[in-house]
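Feature annotations, courtesy of Swiss-Prot:
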- 45-353: domain 'AB hydrolase-1' (DOMAIN)
- Ser151: active site, nucleophile (ACT_SITE)
- Arg220, Asp348: substrate binding site (BINDING)
- Asp314: active site (ACT_SITE)
- His347: active site (ACT_SITE)
Amino acid sequence: MDGVGIVTTRFYEWSQCLHLESGAQLGSLTIAYETYGELNAAGNNAILVLHALTGNAHIAGRNFPDERYPGWWDPLVGPGRALDTRRYFIVCANVLGSCYGTTGPASINPATGKPYGMDFPAITIRDMVRAQKILLDYLGVKRLVAAIGGSMGGMQVLEWGFLYPQMLDAIIPIATCGRTTPMQIAFHHVQREAIYADPDWQGGNYYGTAGPRRGLALARQIGIITYKSDPSWNMKFGRNLVDPRKYFQLEGQFEVESYLAYQGRKLVDRFDANSYLYLTKAVDLHDVSQGRGSYNEVWRDFPCPCLGIGISSDFLFPPYQVQEIVRMINDGGGHARYAEIDSPYGHDAFLIEFNQLAAIIQPFLKELRPDLAA
């Protein structure tokens, strides 16, 4: 089956104030997004895909003919695929606070004519979702077949269920949690500390210079460790050395060390350090019960059917966290089911195990809206 071909990233300019959960506001907002398929006349065949921490709106196809890689969920999007563009209108927006076209710390502050830097206000997962709702209203989407996403994207999915349940047929959170744990917060803390410790961070006012490349690269390396599993490290690298002749030298590298350094360099070339700070903090602040009562009670009468998907080897978001969401929805009188990706690839499996994901998601979507699956 062919994919979606060449796609264009578009930009929506919202000229009104966006009021944030912190009480701060943004005077205007730009949202970068991509769409696939066609919105039907009723405006009710849309699926919203939410991306993870350093992701973007480019989930499928290529932005130009010789682009090296297609979008990050390309095998799932297109005619006849799990997110079937013959039936569904697929939308993905770059999140608020990121650096792929949506307003974030690297954007120009209209009050100063300079990048926001650390003057950018604190943002939360709920703020991201409210920005996405603005975009969907602009696009004419009246109802979503589903909101779906993994990791930080799964957090957005859950908040969609709390903020706009009347607009959803169902939610599909993947490899995520209802509130971040101390371990998850701890890993983000040391990643942010790596950026702060780089003198080139300059208090966040590094635009126009090289910026904190070493700090961001180290932060990424720490993050990469949490995205894998012990079996996946063993399968990929074992104890192999880059150069066995340097076995007893401090600068000698195991292949796993070389890989981490490479991943750090890759991110530095495509991501903004301040966005990394703001987005990891938004993840740390994630708690669906914040301002809504107790965590145990907030799931009572949850209005959206839920398909929660865990990953068997996930170290960062262990499957019990998705299982807990499903259990609490069901115990509260709602309707939820659980499925699991059986994979050695750890948290990254939702970006790798496309066949398993398709086998889980596709029948669920057809069951939700048989009128669209005919």
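Keep in mind that glycine also has a Cβ here, set from the backbone N, Cα and C atoms.
Here the features listed in Swiss-Prot are painted onto the structure.
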{"residue": "Ser151", "record": "active site, nucleophile", "Cβ contacts under 8 Å, 6 or more apart": "Ala52, Leu53, Ile174, Ala175, Thr176, Leu316, Phe317, His347, Phe350"}
{"residue": "Arg220", "record": "substrate binding site", "Cβ contacts under 8 Å, 6 or more apart": "Gln191, Gln263, Gly264, Lys266, Leu267, Val268"}
{"residue": "Asp314", "record": "active site", "Cβ contacts under 8 Å, 6 or more apart": "Ala175, Ser229, Gly346, His347, Ala349"}
{"residue": "Asp348", "record": "substrate binding site", "Cβ contacts under 8 Å, 6 or more apart": "Tyr227, Lys228, Ser232"}
Cβ neighbours of His347 (active site) where a neighbour is any other Cβ within 10 Å: 25
Assigned element (helix, strand, coil) containing His347 (active site), judged by DSSP: helix
Reduced DSSP assignment, Asp314 (active site): coil
